[in-house]
Amino acid sequence: MPLGDRAGDKSESRYCGVETEFDDDVPQLLLSNLSSAGFDFVVAPLMDPSYRPSLMRKENGGSAVLPFAGSDLVLSPAQWSSHVVGKISSWIDLDSEDEILRIDSETTLKQEIAWASHLSLQACLLPAPKGTSYANYARCVHQILQGLNNMQLWLRIPLVKVDEDSTDVNSDNLVDSWDLWNSFRLLCEHHSQLSTAIDVLSTLPSPNALGRWFGESCFLTNSRGYPCLSKRHQKLITGLFNHSIQVVLSGKPLHNVSKGSADLPTGLNKNSSDGAQSHPLRCYLDYIAFLYQRMDPLPEQERIELGYRDFLQAPLQPLMDNLESQTYETFEKDAVKYIQYQRAIVKALKDRVADENASSITTVLMVVGAGRGPLVRAALQAGEETGRKLKVYAVEKNPNAVVTLHSLVKMEGWERIVTIISCDMRHWDASEQADILVSELLGSFGDNELSPECLDGAQRFLKQDGISIPSSYTSFIQPITASKLYNDVKAHKDVSHFETAYVVKLHNVARLSPPQPVFTFTHPNWTPDGSNQRYQKLAFEIPNDTGAALVHGFAGYFDATLYGDVHLGIEPSTATPNMFSWFAIFFPLRTPICVRPGSPLEVHFWRCCSSHKVWYEWCVTSPSQSPLHNCNGRSYWVGL
C-alpha cells in the first residue's frame with residue numbers, strides 16, 4: 001500500500017519496496033512481503049545464486065533449463081510488471097582478471113536481463129561495480145541498453161564520498177560514489193534508461209556532495225534500517241521524496257520491536273495487523289511512512305505546476321507571433337505580478353506629482369504591449385489609490401487582444417480615460433509624450449523576449465525626464481546538473497536542439513554554484529547609438545566539499561527593478577514569492593563538462609543582434625573546451 005496521502009503528490013515516492021533473498025516460490029514471496037507486510041513491490045533475485053554457466057556446461061553439456069525463480073506463468077503479466085523489480089546476481093564481476101568468472105558474469109547478466117524483459121518487468125537492479133575498473137561492465141550494460149524496449153536499469157551505488165572526516169570502514173579504499181556513477185554513465189553515453197539506486201550508509205557525505213544527486217534520476221535503497229534516523233538522514237530522504245524517488249529497505253533488522261510495544265519510536269504504526277508486524281522489516285516501513293506523511297503538503301502553486309516539471313518548452317516569439325487567449329488568461333491570473341506593478345506605479349505617480357498638485361496635473365501614462373488590459377487596470381487602480389489624475393494610452397499590436405481591450409474599456413466605463421492604439425509600439429507616432437511608460441515584455445532571461453529592442457523603439461514618445469517601468473533588469477546564469485533535461489534534448493539526435501534555449505520548470509536538478517549576473521539593461525536609454533549587443537565572461541567555483549560535478553548546462557533567471565525599491569524576478573535568492581508567470585530558462589551543453597573541486601568553470605555568453613533577429617551564443621573554456629553553441633543564431637533566434 002502507499003506510504004500515505006500527501007496533498008498533491010501522485011509521484012512514485014508514495015511506494016516503498018523491500019529487497020529479498022532468492023525464492024523460487026514467487027507467489028508466496030509476494031504474499032509475505034506485499035499482501036501481509038504492506039510493501040508495494042519486491043526487489044528479488046531472478047536466478048539461483050549458485051548458478052554458474054561454466055559449471056552447467058560441464059555437468060549438463062549446456063542443455064539444462066536455467067534455474068530462474070519460477071515460470072512466467074506463476075504471476076500475471078500485470079503482477080510481474082507492478083510488483084517485481086529484478087535483482088541481478090550480486091556475484092557477477094565483468095572486469096575480473098579470472099577469465100572464467102568474467103565470461104560467466106557476462107553470460108549471466110545477459111541471460112537475467114533477457115528473462116526480466118520476457119517477464120515485462122519495469123526495472124532491474126544491477127550490482128555495484130567491483131573495484132575501480134568497470135569498463136567491460138559498462139560496455140556490456142551499454143550493449144544491453146541498445147536492445148531494451150522500456151525497462152529501466154538501476155545501477156546500485158553505495159553513497160560514499162571520501163571526506164576528511166569520513167568514518168566509514170575501509171574508507172581509504174573507497175572512491176567518491178558520484179564519480180563512480182558519472183564515469184559509468186559516461187561510458188554508457190548518458191542512456192536515458194540507466195539510472196542509479198543509491199545505497200544509504202550509516203554516515204553521509206557533505207550537504208554539497210549530496211546535492212549533486214538531486215540532478216540525477218535516482219532510486220533509493222537503505223542498507224541499514226533504523227526505526228529512528230539521524231536528522232541528516234531524514235533530511236536526505238525527505239528531500240529525495242520531493243524528487244520522486246522510491247525507497248527499498250534492505251538487510252537484517254537491527255531492532256527487536258514487538259507488536260504493540262510502548263517503546264516504539266515516535267511515528268511508528270502501533271496498530272499493524274499480526275501478519276504485517278511479523279515481517280522483520282515492518283517497523284522500518286512504518287518509519288519511512290511516518291517520514292513521508294509528516295512532509296508538508298505541496299502548495300497549490302506547486303500542484304498546478306506539477307505537469308511542467310522538467311518539461312522543455314520553446315520560448316515565446318512575442319514580435320513574430322500573437323499570443324492566444326489561453327496564454328493571456330494564464331498570465332493574467334498571476335496576481336502577485338500585477339500587485340508589484342501597481343506598487344511601482346503608485347510610487348512613480350507620487351514622485352511625479354506632488355500631493356498639492358494632484359487635482360490639477362494629469363499624468364500621461366502609456367502601457368506598451370497592453371495585451372488584454374491587466375496593466376491598464378493596475379495603472380487605473382494606482383491612480384485611484386494615490387488620487388492622481390491619469391490619461392492612459394493602451395498600445396497593443398495583436399488585433400485579437402485589441403478586441404478584448406475595447407470590450408474591457410466599454411464595460412468598465414473607462415472611455416474618457418483610456419485610449420486604445422492598435423499598432424506596434426515601435427511604429428506608432430504618438431500625439432503627445434508620456435510621463436510614465438509601463439510594459440511587461442520581460443522573458444525568463446530578462447531580455448530574451450526583446451524588451452530592450454521594443455522599449456528602445458518606444459522611448460521616443462517618453463519625456464526626457466519620464467519614467468520607465470521597469471527601469472532596469474539583469475539576467476543571471478548558474479551551472480546545473482540536469483540529467484533528465486540533457487537526455488530529453490539528446491533524444492532529438494541533432495545539434496540544433498542543443499543550441500536552443502528552453503523555458504522549463506526546474507525540478508530534478510542540482511544547482512552547483514550561486515547564480516551570477518550576465519547582462520543588464522536600463523530604461524530609458526538615452527545613450528546615442530546604444531547597442532543591445534552584450535558579452536560576458538564568468539567564472540564559477542564549485543565548493544570543495546561537493547566533489548566532482550557534471551555540468552549539463554546553465555539555468556537562466558532575471559531580476560527586474562520596476563521602480564524605486566519595487567522589484568520583480570525569479571533569480572532564486574531574490575525571487576518574488578508565489579509568482580508563476582516565468583519559469584527558468586535552460587541553456588544546454590552539447591557535451592557535459594566534468595568540473596573538479598578547485599577548478600573554475602569558465603563560461604562565455606554573447607547577446608547578438610542583426611537587423612531581423614536577436615540570438616545568444618555560449619561556450620565553456622575551462623576546465624575543458626566546449627564548442628561554440630548557436631553560432632550566428634543558426635539554431636535558435638528571436639525574430640524582430
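Using the three backbone atoms N, Cα and C, a Cβ is placed for every residue, glycine included.
Residues or ranges marked as domain 'PRMT5 TIM barrel' by TrEMBL: 38-294.
Residues or ranges marked as domain 'PRMT5 arginine-N-methyltransferase' in TrEMBL: 301-469.
Here Tyr338 (S-adenosyl-L-methionine binding site) comes close to Pro374, Leu375, Arg377, Ala378: these same-chain residues lie at least six apart in sequence, with C-beta atoms under 8 angstroms from its C-beta. Marked as S-adenosyl-L-methionine binding site by TrEMBL: Tyr328, Lys337, Tyr338, Glu396, Asp424, Met425.
Counting only residues at least six positions away in the same chain, the Cβ atoms of Lys337, Gly371, Pro374, Ser581 sit under 8 Å from the Cβ of Phe331 (site 'Critical for specifying symmetric addition of methyl groups'). Residues or ranges marked as site 'Critical for specifying symmetric addition of methyl groups' by TrEMBL: Phe331.
The Cβ of Glu440 (active site, proton donor/acceptor) has Lys337, Tyr341, Gly369, Gly371, Leu375 as same-chain neighbours under 8 Å, each 6 or more residues away in sequence. Sequence annotations record features per position, and here TrEMBL assigns active site, proton donor/acceptor to Glu440 (among others).
Annotation source TrEMBL lists active site, proton donor/acceptor at Glu449 (among others).
For 472-638, the entry in TrEMBL reads domain 'PRMT5 oligomerisation'. Across the domain 'PRMT5 oligomerisation' (472-638), the model assigns an average pLDDT of 94.
Here Glu449 (active site, proton donor/acceptor) is positioned 15 angstrom away from Tyr328 (S-adenosyl-L-methionine binding site), judged by their C-alpha atoms. The two recorded residues Asp424 (S-adenosyl-L-methionine binding site) and Glu449 (active site, proton donor/acceptor) have their Cα atoms spaced 15 Å from each other. For the pair Glu396 (S-adenosyl-L-methionine binding site) and Glu449 (active site, proton donor/acceptor), the C-alpha distance works out to 16 angstrom. Of the recorded residues, Glu449 (active site, proton donor/acceptor) and Met425 (S-adenosyl-L-methionine binding site) place their C-alpha atoms 15 Å from one another.
Tyr328 (S-adenosyl-L-methionine binding site): 18 other CB atoms within 10 A of its CB, across all protein chains. Other Cβ atoms within 10 Å of the Cβ of Asp424 (S-adenosyl-L-methionine binding site) number 17 in total over all chains. Neighbour density for Lys337 (S-adenosyl-L-methionine binding site): within 10 A of its CB lie 24 other CB atoms from the protein chains shown. Sequence-distant neighbours of Met425 (S-adenosyl-L-methionine binding site) (same chain, 6+ apart, CB under 8 A from its CB) are Val368, Gly369, Val395, Lys397, Cys454, Gly457, Ala458.
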